[in-house]
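Trainee: Quick one: this structure, given as structure tokens, is what I'll be asking you about.
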Amino acid sequence: LCVSFPWQEALCGYVIIVMALFWCTEALPLAVTALLPVLLFPLMNIMDSTTVCREYLKDTNMLFLGGLMMAIAIENWNLHKRVALRVLLITGVRPALLLMGFMVVTAFLSMWISNTATTAMMLPIAQAVMEQLHKSEVESVTTGQVSEHTNKAFELQEKSPEQEQSPEQEKLPEQEKSPEQEKSPDSFKEPEEKVEEETKRDEIEKKHMNLSKGMSLCICYSSSIGGIATLTGTTPNLVLQGQVNDIYSDNGGIINFASWFSFAFPTMVVLLILAWFWLQILYLGFNFKKNFGCGASPAAKAKEKFAYEIIKEESKKLGKMKFAEIEVSILFVLLVVLWFTREPGFIPGWATVLFNKDNTSYVTDATVALFISILLFILPSGFSSQDRDEEQSGGRAKFRAPPPLLDWKVVQDRMPWNIVFLLGGGFALAKGSEESGLSAWLGSKLTPLQSIPHPAIAFLLCLLIATFTECTSNVATTTLFLPILASMAEAICLNPLYVMLPCTLAASLAFMLPVATPPNAIVFSYGQLRVIDMAKAGFVLNILGVLTITLSINTWASSLFQLQTFPSWANKS
């Protein structure tokens, strides 16, 4: 390695290869591997220790921490569960609509809280609904068989005038009756009915298993898809923002919450609809009348009613909205509004108007996130209570202050601190690649790509990233590839965002393997899916995802980020 190109670039390349191997094999915990640049870069004279350490707590990390604190508050007060159950009550429990309901709720929650937490919360609800659907369907078959026997018995006991025996027949002694007369019709039909009942049960079990597989996959897939819609929805999005700001410091904040949402949200909606159709075809069979419950039988309607009652009962258990839930809801809406209006792009935002110095606003999305997060530690979760303690307070009333909406112990327990180090390690790698000249060297070696049409470049790179992220953490994937892709784009005079944006989205297309992402692993742990089930569904969804991302980057994203031109902030010459 060291003979083929200059020494500094070789050393930096060695660090990247070692970290890539450790991230792929998980020989060390991911966060520990992310700390290697702090050790190796100073020893190899690539960067001094102070500069490396500065990369580990940047604006993007603070945005991540602020966004996660809001998510923890939502989880702490069960607001996400209330939203989920309310939407499911609206969508109903018919197979296709039930699938859509769970996908929409999971994707929406995943936009704001972690994909893992969303999956862990939604899956038990889905399992309860599926069990009730299965139970009611089995009961309907059993009840149908029993009622059939009962009706026949009544028919035998209640004689009609035509069925009454003649006097001669009545006078026949018991022993003289023919064997045919002694046997009831049930004795002839019983074996057939048993076979029919077993056949129906087998059909129900098969249908239940298919629906359970589809439901499980729809939750883990929609959590990954939903995360791409917002800047804080999943970590690779923040890695992109950090890398762009780090490599191109004069970009003018081109990647912010509003611009990212305008690009990624439509992409998420298209991909979610495609995933819904694909899972219907795979596990329900695309029968519009059957899937949407048109012309359903009374038994099917009864089954739907049972499942609906389960969701309704779970919703009732939550009771009325507490004061704390209302507060968290208001703060959440305020956070989103402030993010959108800070720098919307088409008009001056509040940050530019109110906090402007020398035509520059120092306020970022991280400022907003931390402002709301601090309010969570200040605002009370209820009203103060008054109790009387005669022994200790001399009979005087003692006011008890309510706890805040969020306390540090809850944050400390639930915050994924390892992601902070992962983000920092990625930024340190990117900075080391730039300082050593490795990024420029790699970019120059990729100049033959200039002859390939730009949409083909985007498609091939998305396919590469989507394949790589199946066996590697999506954070590690974006961390390793984005600096290289940026240098490549500069070398062929292509807007760096044209390759960095789609590849960031492609890093979230981890649909094929249980180990690809935590939501997949959670779903797989329930034991209803085989690896082949996930691989078969995920392969097609990966292709659909890559095609959707390629479409988005060449249509609305192109005009939104001016991707058809090479920007001045990317010109380092």
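Including glycine, each Cβ sits where the backbone N, Cα and C put it.
Pulled from TrEMBL, these are the listed features:
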REGION    156-206  region 'Disordered'
TRANSMEM  14-41  transmembrane segment
TRANSMEM  62-80  transmembrane segment
TRANSMEM  92-113  transmembrane segment
TRANSMEM  214-234  transmembrane segment
TRANSMEM  254-279  transmembrane segment
TRANSMEM  323-341  transmembrane segment
TRANSMEM  361-379  transmembrane segment
TRANSMEM  480-499  transmembrane segment
TRANSMEM  505-527  transmembrane segment
TRANSMEM  539-557  transmembrane segment
Trainee: Taking 62-80, 92-113, 480-499, 505-527 as candidates, which has the most Cβ pairs under 8 Å with the transmembrane segment (361-379)?
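Mentor: Going through each listed stretch, the top one turns out to be 62-80.
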Trainee: Considering only Cβ pairs within less than 8 angstroms, which of the stretches 92-113, 323-341, 480-499, 539-557 has the most against the transmembrane segment (62-80)?
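Mentor: Stretch with maximum Cβ contacts: 323-341.
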Trainee: Look over the recorded stretches 92-113, 254-279, 323-341, 480-499, 505-527 and say which has the most C-beta pairs under 8 A to the transmembrane segment (539-557).
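Mentor: Selected stretch: 254-279, with the most Cβ pairs under 8 Å.
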Trainee: Output the single range from 14-41, 92-113, 323-341, 480-499, 505-527 maximising the number of Cβ pairs under 8 Å to the transmembrane segment (214-234).
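Mentor: Stretch with the highest Cβ contact count: 92-113.
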